[in-house]
Structure formats: structure tokens, C-alpha cells
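Working notes, structure below.
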Amino acid sequence: MKERKNKAKRRTSLRARAFSVGQRRRVFRTCRALPAQVSEEAGHIFTIRLLNQYLTIIMDPHCYEKFAKEKNFDFDPIQKQVNNNVFSFELKGARKMISEAGKKVNGRYLSSGMESFAKNLQDAFRVFTKSSASNADYNGNVSAEGDAGAEWRREGLRMMTSKTLFSALFYTIFGRSVDPSGEEKVKDFNPQIFHEKFDIFHKFFNYLWIGLPVNLFPKACDALKVLCQQPTSYDMLQRDGSDQDIMGHNLVFLHVNYNSFRVAFWCVYKMVEEPHVLRDLEKELREAIEDRQAEKDESVAFTLEDIDKLPLLDSFLKETLRVTSGVFMVRYCSEDTDFEMSNGEKYTVRKGDRVAMYPPCIHMDPEIFEDPEVFKHDRFVNTTFSKYEKELKNPVFTFGSLCPGKRISMLQTKWFLMNLINSFSLELPEGQKTSPNTAFYGHEILPPVNDVQVHFRPKEGAPVLAFSPRRYYSS
Ligand code: HEM
């Protein structure tokens with residue numbers, strides 16, 4: 001009886017709201033606020049209409065595990081919708097391919113993947129340090145502290161992250177050309193060009209996702225043309241990888257490229273925005289280096305476990321993910337499904353509707369996170385979080401429940417930050433400020449409203465951080 005009443009209630013008082021184009025634009029802009037406002041009125045589960053689709057949003061964070069396990073909440077049709085609407089292609093044997101992609105970044109591949117990434121990152125930092133020295137447009141001393149007389153340089157943070165983290169990811173995924181001339185056979189197959197085109201293409205992601213044709217956006221079409229100029233399978237097989245590597249490439253690439261790049265951007269920004277954050281992270285790393293460094297050793301080895309044993313860095317990364325997530329966890333409901341909330345109430349989700357959880361809203365819930373608008377780098381050190389006086393198993397779910405790349409992305413980002421902090425002094429010049437662009441809610445990680453400049457200079461005598469695949473790490 002209760003179920004029926006709830007169902008009826010949902011169909012009447014929570015009747016799906018339809019949005020005009022103007023309202024829809026506002027929805028994307030104020031997306032985080034909107035479910036929170038509706039939730040106040042309508043409770044912890046409600047339905048809205050977006051174009052011709054009904055979307056039931058579950059706001060109770062304790063439902064996360066049940067939501068993730070519900071077999072009638074299917075991600076495949078969503079994945080197909082994204083690939084079809086956004087990239088105009090259908091993955092053949094999508095499940096197998098996704099599962100292969102997942103395997104390639106977990107279990108015994110995790111360590112070898114990290115080893116390859118660490119090597120490419122070292123190369124990228126080397127090239128970056130050299131090229132930024134020759135292109136430096138700022139050589140003055142900007143701080144009284146640190147290495148007196150060392151040369152400060154200036155770079156846009158997006159470009160800096162692109163030349164370091166993104167380049168390393170690019171070469172880890174695609175390998176390097178084995179053409180003896182060193183030239184890439186495929187025109188424009190280069191990390192910075194790819195990055196630039198992805199940037200353009202992603203601006204249109206939300207419009208394409210909801211079904212508007214790509215031809216309406218000539219800039220997106222031009223960018224896509226370049227992105228499709230990848231090496232052929234034959235070319236790829238000439239590189240260090242196997243045909244298995246190639247299978248997961250395109251899919252993995254989309255995620256790694258964009259999400260990891262954006263996370264790294266935000267981490268560096270958050271590190272320099274408040275100088276004490278960088279100082280605390282530097283201290284933690286210095287102590288970890290001292291613990292592992294034999295006298296006069298130039299190189300200090302870190303295993304996967306060692307990387308994970310830096311509680312402040314871990315908390316800092318989680319806090320960054322908390323404040324920059326934009327993702328909706330969306331599923332297609334394949335059967336009428338009775339869904340039980342954490343207070344025991346049951347609701348029926350209709351077959352054919354979309355059903356979602358909305359991490360950004362939960363991440364900003366003041367009942368869970370004290371002063372949620374404030375960035376606290378140590379928020380996650382030795383703490384638990386609760387809602388309705390019950391501890392939450394997963395307070396931050398930027399990666400949704402399905403992402404197989406969570407482990408490796410977290411490790412790669414940490415390794416990138418450790419290397420950056422170890423090798424460079426960093427400062428945010430006065431007046432440089434940015435924030436997440438709320439027009440892009442729906443993206444896993446929000447882009448910034450604008451780029452910022454950063455000052456940096458190589459630290460003299462910094463030890464080399466070496467990644468050690470020594471110990472097998474089970475995920
Ligand atoms: C910061 C980096 C990343 C973020 C924030 C991120 C986020 C996400 C999110 C939110 C989803 C949807 C999950 C859901 O709705 O439950 C997802 C799915 C997925 N991600 Fe990631 N991801 C990242 C990196 C990666 C990497 C490195 C890989 C490499 C394998 C990857 C592969 C995938 C795949 C294959 C799926 C689809 C899973 C399925 O259909 O079962 N992601 N990711």
C-alpha cells in the first residue's frame with residue numbers, strides 16, 4: 001500500500017518538470033543547486049524531464065552501494081548513447097572491450113602501467129624544463145625565499161599540465177613512433193595538438209550527449225577530424241604495445257586524457273592558491289624522501305604502496321575531487337524496479353526512465369562536509385563522514401561505481417604531484433584566480449572558467465624520484 005502511495009505521489013506531486021531551452025541552459029549552469037533545491041521540496045528521490053527523457057534522481061548518499069549493485073540499472077545504453085550521439089560510433093562488443101580496458105589498468109598491469117607512465121613523465125618533465133628555459137618570458141626573482149638567484153619562469157597552468165602530465169599519458173597510451181626518422185607518420189599526432197582539439201570538442205559534449213547533431217557545431221566537427229587521425233592498427237603494432245593495448249585505446253584515451261588532465265590542473269591550482277597547502281605537502285614528501293634515502297643517493301625509490309602511504313597527499317587529492325566533480329552517475333532502468341531508500345521507504349522507478357545519483361550535490365552537503373564551500377586539504381586525514389547520523393561508506397564518488405581507471409588515475413596524479421613538488425618551487429602570481437566552470441556540470445571533472453599563470457623554478461639538488469615496481473600490488 002505504502003509503495004503504491006509513494007508511486008502515486010511521485011506521479012502527481014513530483015510530476016516531471018519539463019524545461020525550455022533557456023531553462024535547460026540554466027539547469028546545466030546551476031546544476032548542483034537545482035537538485036538540492038528540488039530535493040528540499042520533493043525529498044530524497046524525485047523525477048525531472050530533460051527533453052524527452054525522464055530522469056529519477058536519488059539524493060540519499062547511503063543508497064550509493066544499492067544503486068551500484070541494482071542489476072536493472074544498466075549503464076550500457078548510456079554508454080551507447082554517449083558514443084553514438086557524441087562520437088557517432090558504436091562500439092562493437094562494448095562489454096568485452098570495456099572489461100579488457102579495465103584489466104589493462106588493474107591487477108598485475110597496474111604496476112607495469114605505472115612504470116611506463118613514470119618513465120614517460122620523467123621524459124616529459126625533462127623536455128618541459130628545457131623548453132620552458134628557452135621560452136621563458138619571466139626571469140626575475142619573484143620571492144625572497146628559496147634558491148636566491150635561481151631563475152623563475154612563467155607558464156599558463158593548462159599548458160604546463162598539458163606538456164607534463166598529458167604528454168606522459170599520451171605516450172603511455174600510444175607508445176612512441178618507431179619510425180627511424182623520429183617523425184610521426186600521422187599528421188598532427190602529437191600530444192599538444194590532441195589536447196587542444198579535445199579541449200574544443202569537449203565544449204560541445206553536453207549538447208551532443210543529449211542528442212543534438214554534431215553538424216550543428218562546425219568547430220566540434222573540425223576538432224573531431226583531427227582526433228580521428230590516429231595511427232592505424234598496423235602502425236600501432238609496430239610500437240611497444242600488443243593488439244590488446246590497441247583494443248582499449250580509444251575508450252581509455254577519452255577518459256584518461258580529459259579527466260586526469262583536469263584533475264591535475266585543479267591539484268596544482270589548489271596547491272598554489274594557498275601557499276600553506278604547498279608547504280604542508282612539501283613537508284610530507286620531504287619526510288618520506290628522507291625515510292627512504294640512503295646517504296648521498298641521488299635517486300629515491302617509491303613503490304605503489306609507498307605512494308599510497310602519504311596521508312596528506314591522499315586527502316588533498318580527495319578534497320580536490322570533491323570540489324571539482326561535475327558528474328552524473330546515470331543508468332537506464334531496464335525493468336520497473338522497487339528501490340528501497342536508507343530509511344526503509346520504497347519507490348518504484350519506471351522501466352525506460354533514466355535513474356541517477358548526483359555526486360556534486362552530495363559533495364557539497366553541509367551535513368556531510370563541514371563548510372563544504374571551503375577547500376580543506378587535510379579534510380580526509382583520519383576522518384569519517386556521516387549523513388542522518390550514520391557513517392557513509394563512500395563520501396566522495398567522482399569515479400562513479402563503474403570506473404575501472406580509478407586506482408591508476410589516483411596513483412598517476414599522486415606520482416605527478418610528487419614529482420612536481422620535488423622538482424619545482426611554485427607560486428601563483430598575484431591576481432591570478434580561477435574556479436570550476438559550472439556551465440559544464442555533467443562532465444566528470446569541471447574545467448576552469450579561465451586559465452591562470454604560474455611561476456615556477458627548478459629546485460637545485462632535488463633527488464630523482466624513481467618508481468619501483470618491486471612489490472606486487474593487488475588492487
Ligand atoms: C580522473 C580520472 C577519471 C575520472 C574522474 C573518471 C570518471 C569516470 C566516471 C564518473 C565514470 C562513470 C561511472 C559510473 O557512472 O558509475 C567512468 C567510467 C569509465 N571509466 Fe573512468 N574516470 C577516470 C579515469 C579513467 C581511466 C584512467 C580509465 C582507464 C581504463 C577509465 C576507464 C573508464 C571506463 C572503461 C568506464 C566505463 C565503465 C563501464 O561501462 O562499465 N577511466 N569514469
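Yeah, the Cβs are placed from backbone N, Cα and C, and that goes for glycine too.
Caution: TrEMBL annotation is automatic and unverified by curators.
Here TrEMBL flags Asn259, Arg354 as substrate binding site. According to DSSP, Asn259 (substrate binding site) is assigned to a helical segment. Under 8 Å, Cβ to Cβ, and six or more positions away along its own chain, Asn259 (substrate binding site) finds Ser409, Glu444, Ile445.
Annotation note: Cys403 (heme binding site) sits in a coil segment as assigned by DSSP. Feature annotation from TrEMBL assigns heme binding site to Cys403.
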Residue, out of the binding-site residues Arg354, Cys403, whose Cβ gathers the largest set of other Cβ atoms within 10 Å:
Arg354
Rounded distance in angstrom between the Cα atoms of Arg354 (substrate binding site) and Cys403 (heme binding site):
19
Which binding-site residues among Asn259, Arg354, Cys403 have CB under 6 Å of ligand 1?
Asn259, Cys403
